[in-house]
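Here is the structure we will look at, set down as C-alpha cells.
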Amino acid sequence: MGNKQTTFTDEQLEAFQDCTFFTRKEILRLHARFRELAPHLVPLDFTNNPDVRVPPTLVVTMPELKENPFRDRIVATFSEDGLGNLSFNDFVDMFSALCELSPRELKTIYAFKIYDFNRDDFICEDDLQQTLNKLTKGELTAEEVTLVCQKVIEEADLDGDRKLSFSDFQNMISKAPDFLSNFHIRI
Amino acid sequence: MFCNFFRAQRLEEASKLSSWKQWRQSTQRTLRRLRDEAQEWLSSLKLWRADIHQIEGMFGTGILSYFSFLRFLVMLNLIIFLLMFSFVMLPIIIMFTTNVILFNIWNPFMELYPSSARRGLVIFHEHITDLLSGGGFLEQTYLFYGFYQVNQIHFPNIKYNLALAYLMTTIAYLFLSLIWIVKRSALGFKRNLVQDEDRFQSFCNKIFAGWDFCITNENAASLKRSSLLYELRTDLEEERIKQKIADRTRKEKCRIYLIRFILNIFVIGVLAGCFYSIYVATIFSQEHVEYLMYEYLPSIVITLANFITPLLFSVIINFEDYSPAFEIRFTLMRCVFMRLTSIGVLLFSLWSQITHCKDETCICGYNHELYSCWETRVGQEMYKLTVFDFIIIVAVTIFVEFPRKLIVRHCDCGLAKWWGQQEFSIPQNVLEIVYGQTICWIGTFYCPMLPAICTIKYFFIFYIKKVSLLKNCRPATRPFRASSSNFFFLAVLLIGLALACLPVSVSVAQINCSQACGPFVGYNTSWEVLPTAVSELPTGVRSVIEALSSEAFAVSFFVVTCLAMFYVIALAGAHKKVINQLREQLVLVSLVK
C-alpha cells in the first residue's frame, strides 16, 4: 500500500517520519486533510516540494480546530510568516507538536507561544486578560477578570516582575496535572 | 519550520558520522518505528476503544475516567477468574474426565451434608428460585466452595495438593489485585504529592491547562466553557469564603463548632441505625429461608440504606458551613464509609450466627447443626448480593432514568423543572462498582466462579451505563477533575481491597473450616494447610521458610522499613527547604537587575 502512492517520494516520507511523531500512513492521511481544505490550491503531487500556503480562514474551519477558543493563535504560532498562512510543513508540525506522543517540553514551548498574544516573550496581564476572555467568551465581569489575572500572577510569577517569563510558565506547567492530557489534538 | 530545522540538523550530522554509526542510527530508528507500530496495534486491540473515544469526545475526561476504570475492573476480574480456574477448577475437571486416578483422598470423615438439592419432579420456577438464591441445584456445582471436596489429587506422576492450591490462589489473587492497583495509581499519587492541597495553583491550571483541545462537538464545547466558568466562579467564591472564615469572631466559631458536633452525632446515630437494621435483617433471613424475599432481605436493606444516606449527607453538609471543596470531599468520605462498612456489618452478623451455638461453646468451633457447610452459605450470601446489585442497577436505569428523561422532555410541570435532567454523578457510580468489586474479592474464596460472574456483570454494566449516559444524561455542571479522579477511584478501590482482606483472613485463620465439605476437611482451620505442606518439604527449603516467617525476621524487616521511610521523609523536607531558598534567590536576583 505504501509503495503505490505518488504524493511523496520515499525520502520525503522518511524525513517526515523522523522529525515528526507520525507514521507513513498518518502523514498521507494528513496530506489528504490538507488538500481537503483547499483542493484548488493544494496539488496532489508533492514530490517537487511546491510552495503552497493555505490561509488561516480555511484552516480554522477544520473540525479539530473549529471549537477551540485559541484556534487563531495556534494557527498564527505555527505559520512561518506569522500571519497564519500554513504550508504543509507547518500543518504537519502543528499537529505533530500537539499530538499524544509529543513530549511535555515541546508542548510547553508551544503553549507559551500560543498564550503570548503580543509576542514579547512574556505573558503579561494583558495577555492573560485576552486568554481569559477567549476562554469564557466574555462571560465574566471585568472585576472578576482582573481578580483572576491577579491570582494567576500571584501563583505563577516567581521573580516578582508581575509578568510570566518562560521559566515561570514552565515551572507552573510542570505542576499542572491536566496539561498533557488536555493539550493535545487528536487527528 | 520546525521540521525543516530538524531535517537540516540531521543531514549535517549524517555527513559527519562514519558509516557504522549511520547504520546503527538507522537501525535504532527502524526498531523505534516498529515498536511504535506494535504499540499502536496493541492499543487497537484494547477492549471498547471506540466506545470510550466516543464518550471522551462528547462528555470529557472526567466521565471517561469512570469508563476506563470499569474496563480495568473487567480485566482484573477476568484475570482473577483465570487464576482460580487454572489452579482450582481445572485439576478437578481433569480428574473427573480422565477417571484414571487411583487414589483421590475423599476424606473418610466426610458425610455428605444434607443438600437442599431437590429430588424428583422439579417445577420450572424452582430452578429460577435456585438461580436467584444460589441454593438448590447450584450448591452441587463448581459455583460454591462445598463442591470442592477433594483434598489431594494423585495424577500419574505428581501429587496435586488441591487444598494448598486453593489457599495459595486466594492469597495470590489478593496480592495481584494490590500490585496492579498500586501500579496504576502510582502516577496519580506522585502528582497528588506534588500539590500540597487542592487549592495549589488552581487558577493557573484552569486557564492554561483547562481547555480540552480534543473537543470537536459544539455542544461539548459550550458545556466545557460553562463548566470552566462555573469552576472559576467557584474558586473566586472559595477565596471569598476563606477571607470570611479568617474574619470570624470567637462567638461565631463556638456556634459553628457546636452545630458541627451535633450534626456529626446525628450522622453517627443514623449510621448506627442502618448497621443495626442490616444486622437484624441478616439474622432474620438466616432463620427464615422459606421465601425468596426473606433471602434477599439483607441485600434490600443495604441497598435502601445506601440510597437514603447519600441524600441525607448532602442535606446535612449544607448546615455545617465548610468550604465547597471540603464539602464535596467530606460527603464522599461519609458515603464511602457507609457503603463499605455495610458489607462488614453483614459479614459480622453472619459470623455471629455461624460461631454461636445453643450451648456456650461450639464443639466444632462453628454451629455444625445449622451450618453444616458454612462456607457455602457465606458464598451464597455474596452471590445474592452480587445478583441483587446487578438487578438494581438495571432496574434503576430502566425504571427511573428513562422515565425521568421522558417526563422532563415532554411534561412542563413544576416537578419536571425541579427534578431536572439526569446528571451522571461520577462519585456515586464509582462507589457502586467499588462496592460490587469488594463483594467479589470477599466472595471468591467461598464462591470460586464469582469473578466470572462479576466480569459478565461489569461487561453488561458498561453497555447499560453507556446507553443511559448517551440517551438520558447531560454532563455534570460540577466538573470532576480527571487527574485527581483517577487517584480517587483507585484510593477507594484500595480501601475496598483492605476491607476485603480482613474477613477473608479472619475466616481462613480463625474460624474452623467445615468438616462436611470443601477441600480443607481434616484440618482445623484453612490456614493449617500451609504449615503442614511446609513441614513436608526438604529440610533446606523448610529451614529457609521457617527463618523467613520467624519473629526475628519480621521485626528486623519492620525496623528497616521504618528507617527507610524516615530517610525518605527527611529527604523530601530537605528538598522543600532548598526549593524555598532558590525561590527567594530568584526574587533577589530580579530585584538586583
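Quick reminder: no glycine exception, Cβ is built from N, Cα and C everywhere.
Remember, TrEMBL labels are computer predictions, not curated facts.
Residues or ranges marked as transmembrane segment in TrEMBL: B:73-106 (among others).
Panel annotation: around the transmembrane segment (B:163-182), residues 76, 79-80, 83-84, 87-88, 91, 148, 151-152, 441, 444-445, 451, 490, 493-494, 497, 500-501, 504, 508, 519-520, 523, 526-527, 529-530, 533 of the same chain, lying at least six beyond its termini, place a Cβ under 8 Å from a Cβ of the stretch. Sequence annotations record features per position, and here TrEMBL assigns transmembrane segment to B:163-182 (among others).
Summarising the annotation, TrEMBL assigns transmembrane segment to B:257-284 (among others).
The transmembrane segment annotation in TrEMBL covers B:296-319 (among others).
Per TrEMBL, transmembrane segment is recorded for B:331-351 (among others).
According to TrEMBL, the feature domain 'TMC' maps to B:373-483.
Here the transmembrane segment (B:382-400) has Cβ contacts under 8 Å with residues 132-134, 143-144, 295-296, 298-300, 302-303, 343, 346, 432, 435-436, 439-440, 442-443, 446-447, 450, 453-454, 457, 460-461, 464-465, 468 of the same chain, all six or more residues outside its ends. For B:382-400 (among others), the entry in TrEMBL reads transmembrane segment.
The feature transmembrane segment is assigned by TrEMBL to B:487-506 (among others).
Taken from TrEMBL, the feature transmembrane segment applies to B:552-574 (among others). Counting same-chain residues at least six beyond the ends of the transmembrane segment (B:552-574), none has a Cβ under 8 angstroms from any Cβ of the stretch.
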